[in-house]
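Novice: Pulled these features from Swiss-Prot for this protein:
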- 20-153: domain 'VHS' (DOMAIN)
- 175-235: zinc finger (ZN_FING)
- C197, C200, C227, C230: Zn(2+) 2 binding site (BINDING)
- 241-263: region 'Disordered' (REGION)
- 241-253: compositional bias 'Basic residues' (COMPBIAS)
- 260-279: domain 'UIM 1' (DOMAIN)
- 298-317: domain 'UIM 2' (DOMAIN)
- 314-335: region 'Disordered' (REGION)
- 465-604: region 'Disordered' (REGION)
- 488-499: compositional bias 'Low complexity' (COMPBIAS)
- 507-523: compositional bias 'Polar residues' (COMPBIAS)
- 581-597: compositional bias 'Polar residues' (COMPBIAS)
Amino acid sequence: MNTEIQTVAALGECIQRATSESIPNGEIDLALALDVSDAVRSRRLGARDSMRALKKRVLQTKSNPNTQLAAWRLVEVCVKNGGTHFLKEVCSREFMDCMEHVAAQEKTVDNEDLVQLCRRIIFELYTAFKNDSQLSYVSQVHQRLQARGVEFPQAAPGYLVNTMAMFDSKAPADWVDSDACMICSNAFTFLNRKHHCRSCGGIFCNEHSSHQLPLPEMGITEPVRVCDNCYDEYEIKKHSSRRLRRQSQRRARPKAEREDEDDDLRRAIELSLRESKTQDNLVPTVTRLENSDATKDDEDPEFLAAVQASLREHQLEQERQAAAAAAAAKHPSQPERAVQLPSLMDSRQAPVAQQRYSTLTNQEEDDIYLFANLVEKMKGQPMNAVLEDTQLQMLYQKVLGTRPRLNHSLNDTFHKYNTLVDMNAKISDIMSIYDTMLERQLRNINLSQQYSMPHLPSDPYTYQMHRQPESSPANTVPYEKTQPEPTYRSYARSSSNAAELTPAILHTTQSSPMENRQSQSVTGFEPQVSEPDIKKTLLSSPSEPLYPPEESIPDKEKEAQVPITQFEFPSVPAQKIKMATPQNERVTEDAGTTPQEETLLIEL
């Protein structure tokens, strides 16, 4: 941008000088007109202020048709180079009404060019922006003029495309606001200040917007602040333009010189192929190189190193073959060994050759990555730059040669992957089967341990322990100390019953401790089926529970004396029976009972 146009007043002065009366035939000063359009496009001045400055100059020059024609020509230059923000102001009612008034005039000898120019500007704006809702007022003006019978120029078949490109001028983007940098996302603070990129309009921190570049395509000729992304794009375009310039210089060389170089290169290739034909009996095809104008500076050093390495390998192979042939000629008496030696060498070299075929070298991998990067960078380049880039074509040929090996390596990798997947599935199945077998084995071990443990009989009358000798003091003495023999008293009315019950009770009290003691011994346990007589005797005689606790001994004695409680007491009058109190918890008789019966009740 011109440094003189910094204010609206400076813009007005520049507009007056660009449309000066001293310029004949309504022409304008093109340099000043471009400065005005750059000032409008660079957004240094407001779009509305710029529009009003142009309108002011148009209204001032009504009396002079040549000056007014120059003013409208300056308006046309600014409209086509001012950017979208300026087009919105030009297509507003404030400016379009003035243009409609001029276009609606009848053509005369003096104003024919002026009226034709205004009509053409309106028609171009209508054709380009008739579907734009923000610039809809242009369509209204066009319809009103058509209703008045104004004739507009006829549109050619490709006129719409050309018109759209005519108003497509790049302008600085609108500034956006944010609380953090759009690259590093660091929040803005008092120290970390925000800066706007003059190219893309984004907001960035000082670290990512420290570059300064002029933006002539946006009307900014002095260096301004740009972000890192815009700076990288500028550098890429700069390097690509240099490469295109070198290529154009090479194409500008004399045609005879290029043909001489092609002939020399073709002659050298033919000589090298003739030498290789005499050695290896190979007949390669010779093709004419179309892009042979590449200079030594453009050759890839990595490619040259790879070619030299392949030539050295070929030479070593020829030397080995020559040595083998000389050894075979020197020892003709050993034909079998001479025949077996190449086969052994071939068998050793077969895996190496297969490995070389299925794998890529580091140089080939670098070539593939370099080719991919170049293709990615040349997406935005024109088609001529892609076709004329010799380095890209050389890399394409080299990468194309590695395609079979890439496919072979990819298939091999897929095969290995599928094999590993199958092996993983088999291992999973085997592990599940092994876990099942292990659980079954552990379950069998637990069951066998449970079945091997001795169990006491649940029915004491079904099995009988082997009795120990009755003379053993360990079975009789402890019970005699802890369980004294109970004494039973006879009564007058039930002496016979007591006499019958006493032997059974004594037998039960003597045999129960022995049986209880024998039931505790685990070793030597041999269950036997008891005899029917013993079973009937045991069932008919009352028995005590095994090893009764001390607190339950009185209850057991009561159970043993149950037959005594069946003594028939004499009947007494019913009206003298009384209920016992809660403290006694039993029924008592009236005072008419005898002292002997009271004593008997107390003993019970």
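Glycine is treated like the rest: Cβ placed from N, Cα and C.
Provide an account of the burial state, proximal residues and distances for the features listed.
Specialist: Taken as a whole, the domain 'VHS' (20-153) shows an average pLDDT of 87 in this prediction.
In the three-state DSSP classification, C227 (Zn(2+) 2 binding site) falls within coil. Annotation for C227 (Zn(2+) 2 binding site): spatial neighbours M182, I183, C197, S199, C200, G202, F204, H208, S209, H211, criterion Cβ-Cβ under 8 Å with sequence separation of six or more.
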Novice: Determine the Cβ neighbour count for C197 (Zn(2+) 2 binding site): the number of other Cβ atoms within 10 Å of its Cβ.
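Specialist: A count of 25.
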Novice: Reported in the order helix, strand, coil, what are the DSSP residue counts of the domain 'VHS' (20-153)?
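Specialist: Each residue of the domain 'VHS' (20-153) counted once, the result is 96 helix, 0 strand, 38 coil.
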Novice: Using DSSP, would you call C197 (Zn(2+) 2 binding site) helix, strand or coil?
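Specialist: Note: C197 (Zn(2+) 2 binding site) is coil by DSSP, not helix or strand.
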